[in-house]
Amino acid sequence: MDLELPIYVAGHRGLAGSAIVRRLQRAGARDIVVRSSAELDLRDQDATDAFFRTVRPAYVFLAAAKVGGILANATYPADFIRDNLAIQTNVIHSAWKHGVRKLLFLGSSCIYPRDCPQPIKEEYLLTGPLEPTNEAYAIAKIAGLAMCQAYRRQHGFDAISAMPTNLYGPNDNFHPEHSHVLPALIRRFVEAADTQAGVVTVWGSGKPLREFMHADDMADASYFLMNHYSDVAPINIGSNDEVSIADLAKTVAQGAGFKGQLAWDTTKPDGTPRKRLDSSRLLDLGWKPVVPLREGIDDAVAWFRQHAA
Ligand code: GDP
């Protein structure tokens with residue numbers, strides 16, 4: 001990447017986009033372009049096209065998306081499929097049309113079939129049925145990935161797709177019901193520790209396994225891929241840090257200083273039993289994550305206490 005040229009980070013206020021902005025600043029990028037959703041609604045095709053026509057970014061990190069946890073996905077599937085299809089279609093098309101040199105599209109590990117072999121290799125995409133709780137979101141993300149591939153094939157557009165594992169860190173969505181598990185637990189355990197509550201309720205059976213990655217590691221990988229990867233195949237960004245939800249809850253409880261008991265609400269869905277990414281394609285290129293889960297959770301707890309609590 002030429003760090004003198006304008007770089008557009010779509011979704012700069014979110015967990016992934018804000019981490020990418022921090023990474024680019026650290027690299028010395030001169031012209032990082034951002035727009036809040038109030039300034040530019042990426043679901044609006046004309047507004048998005050006018051932005052690309054006038055600003056003419058050279059590089060695009062497409063981290064703008066409607067995201068949410070298992071309950072939000074199950075409750076608002078129409079919003080998840082519509083908003084994400086619109087955002088990515090508008091951005092990828094206008095980026096190509098107005099001469100962007102390279103674009104990175106961020107997907108998600110939930111695009112892979114629910115019951116595929118573990119760890120999950122990139123080539124398992126579209127080999128089986130999806131997890132129903134986030135199917136609308138996953139189908140939108142698969143369409144974005146396919147669009148990057150199609151624009152590369154037909155137009156020679158250098159669009160790459162990366163599939164990060166479950167992310168957490170600063171600027172996460174800490175909504176009590178609609179967030180992902182890690183921010184939800186951070187909020188619940190911090191609030192319980194502060195009010196000296198005796199019991200904290202966690203959803204599901206505690207048995208599902210999830211792999212977590214700090215957003216700073218994902219941002220570092222994204223920057224690395226923009227410099228070193230140019231291929232039609234999507235590439236996984238995983239940490240190999242896999243834990244059960246039960247162990248995760250214990251770690252967050254410790255990090256938050258909660259001393260009470262855990263209760264399990266088994267009326268809430270477990271979702272997919274396991275989704276660990278095989279990241280050997282990325283690791284073989286010479287990149288590796290550096291934030292251990294325990295340290296990352298402490299960092300996210302501290303961030304939440306400072307900003308969101
Ligand atoms: P997923 O990775 O797409 O399934 O999304 P989530 O991060 O929302 O959920 C991961 C797992 O954590 C599921 O098995 C949930 O049932 C479990 N979980 C436990 N407590 C919570 C909670 O408070 N919020 C959320 N979102 N998930 C929870």
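Every residue, even glycine, has its Cβ placed from backbone N, Cα and C.
What TrEMBL records for this protein:
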ACT_SITE  Y137  active site, proton donor/acceptor
BINDING   11-17, 106-109, K141, 164-167, H180  NADP(+) binding site
BINDING   R188, W203, R210, D270  substrate binding site
DOMAIN    7-238  domain 'NAD-dependent epimerase/dehydratase'
SITE      S108  site 'Important for catalytic activity'
SITE      C110  site 'Important for catalytic activity'
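Listed recorded positions: Y137, R188, W203; maximum Cβ neighbour count within 10 Å falls on Y137. Ranking the recorded positions C110, L167 by how many Cβ atoms sit within 10 Å of each one's Cβ puts L167 at the top.
Residue pair G14 (NADP(+) binding site) / the residue listed as 'active site, proton donor/acceptor' shows a Cα separation of 17 Å. Among the record's substrate binders, R188, W203, R210, D270, no two C-alpha atoms are more than 19 Å apart, and one pair sits at exactly that spread.
Selection of the binding-site residues G11, G14, S108, W203, D270 by a Cβ distance under 6 Å from ligand 1 yields, in sequence order, W203, D270. Under the three-state DSSP scheme, R188 (substrate binding site) falls in the helix class. In this structure, W203 (substrate binding site) is part of a beta strand by DSSP.
DSSP gives L167 (NADP(+) binding site) a strand state. The separation of R188 (substrate binding site) from L167 (NADP(+) binding site), Cα to Cα, is 18 Å.
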